[in-house]
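Novice: Dropping a structure here in structure tokens format, bear with me for questions.
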Amino acid sequence: MKQELIERFTRYVKIDTQSNEDSHTVPTTPGQIEFGKLLVEELKEVGLTEVTMDDNGYVMATLPANTDKDVPVIGFLAHLDTATDFTGKNVKPQIHENFDGNAITLNEELNVVLTPEQFPELPSYKGHTIITTDGTTLLGADDKAGLTEIMVAMNYLIHNPQIKHGKVRVAFTPDEEIGRGPAHFDVEAFGASFAYTMDGGPLGGLEYESFNAAGAKLTFNGTNTHPGTAKNKMRNATKLAMEFNGHLPVEEAPEYTEGYEGFYHLLSLNGDVEQSKAYYIIRDFDRKNFEARKNTIENIVKQMQEKYGQDAVVLEMNDQYYNMLEKIEPVREIVDIAYEAMKSLNIEPNIHPIRGGTDGSQLSYMGLPTPNIFTGGENYHGKFEYVSVDVMEKAVQVIIEIARRFEEQA
């Protein structure tokens, strides 16, 4: 199993599948289509049935049931794309067997070193086989580790028919990293009662709470005149943007929050005297607090409009996704089965809120409750990203055990 994980994963990460937020195609990049087509062929080779790839790049397949019991159809999902935060082109994975727990020089020429001082969790992987970057790209373990684990688990179940299971559906989705993963996902065609995304991090991760999320785009309109004769005439749009930001509580930003604390995050600010544009994301686990945060944004805008004129500030604000907990709680048994599966494999479940979103956040509100499970990756979205093959193997075992337990308990 370990060699299959290494072979598949190192091959998959070499395919550039970064999504592109500026693209309006689906998927947003051709690399995702190329990767999807490859996976279609490999799913067929493994022995899965009903293997499809639709016009939007969504890959689906079926592991047929090998039991006469009436077992709920479950699904496992991962995403095809990698993050846009750092380059994902020409990924050169480096395999470190029997890792000694010390610093790894990823790139001597560029002096890129993965150190325990910067990443304190690193020594805990002593003795593992870990895969790193060469210091010039991200790795793409998010989410090619999860995707690999699903492929290997399905292959194992096909070749070990003594493990009884119901019908299992598999899906690989595009554009998750830019929040569009579920946009064209056909829940009805997928046909599962519930699913799990394999899109987590370190060993034991089990997540079924996510942020409530909104995005706010603010346009500040100024009046530009010659600065020498600007008195009582000029209105500086960039200063309006600064004034707006000054009304938000300083301590309620990502760099000051953790756990269940929400925040306002200024993602970008661009402009000049004539016009400036700011983009914020608003996040909170509690729905009432989430609505209160949006009200705060709206109230600041109203105050500034009263002060400077209606056209001085224009707000566009949209909800992006909601806390999946609301949809998971009524079917809590899907979390319990994953929890029990981990415990039976001597894995200590680490239940914590996702300070972000997964495809599962949106899919849960589309009628497919979908918690998230660990994959073994660390330091996602950058050159210090790595994955433990030993933990990937544990994730495969969890997938197999979940499928087995659903059949056993049917």
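Backbone N, Cα and C define each Cβ position, glycine as well.
Copied straight from Swiss-Prot:
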ACT_SITE  ASP81  active site
ACT_SITE  GLU176  active site, proton acceptor
BINDING   HIS79, ASP142, ASP199  Zn(2+) 1 binding site
BINDING   ASP142, GLU177, HIS381  Zn(2+) 2 binding site
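Can you tell me where each of these features sits in this structure?
Specialist: For ASP81 (active site), other Cβ atoms within 10 Å of its Cβ number 30.
DSSP assigns GLU176 (active site, proton acceptor) to a helix. In sequence order, SER19, HIS79, LEU80, ASP81, ASP143, ASP199, THR358, ASP359 are the residues near GLU176 (active site, proton acceptor), counting only same-chain partners six or more apart with C-beta under 8 A.
When secondary structure is read from DSSP and collapsed to three states, ASP142 (Zn(2+) 1 binding site) falls in the helix class.
Non-local contacts of GLU177 (Zn(2+) 2 binding site) by the CB criterion (under 8 A, 6+ apart in sequence, same chain) comprise GLN18, SER19, HIS79, ASP81, THR82, ALA83, THR84, ASP142.
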Novice: For the recorded Zn(2+) 2 site, whose residues are ASP142, GLU177, HIS381, find every other residue on that chain with a C-beta no more than 8 angstroms from the centre of their C-beta atoms, and list them by sequence position.
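Specialist: Other same-chain residues with Cβ inside the cutoff are THR82, ALA83, THR84, ASP85, LEU138, ASP143, TYR380.
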Novice: Near the Zn(2+) 1 site, what residues other than HIS79, ASP142, ASP199 in the same chain have a C-beta no further than 8 Å from the centroid of the listed C-beta atoms?
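Specialist: So the additional residues around the site are ALA78, ASP143, GLY146, LEU147, GLU176, GLU177, THR197, MET198, THR358, ASP359, THR375.
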Novice: Using DSSP reduced to three states, classify ASP81 (active site) as helix, strand or coil.
Specialist: coil
Novice: For each of the binding-site residues (HIS79, HIS381), count the other CB atoms lying within 10 A of its CB, then report the residue with the highest count.
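Specialist: By the 10 Å Cβ neighbour count, HIS79 comes out on top.
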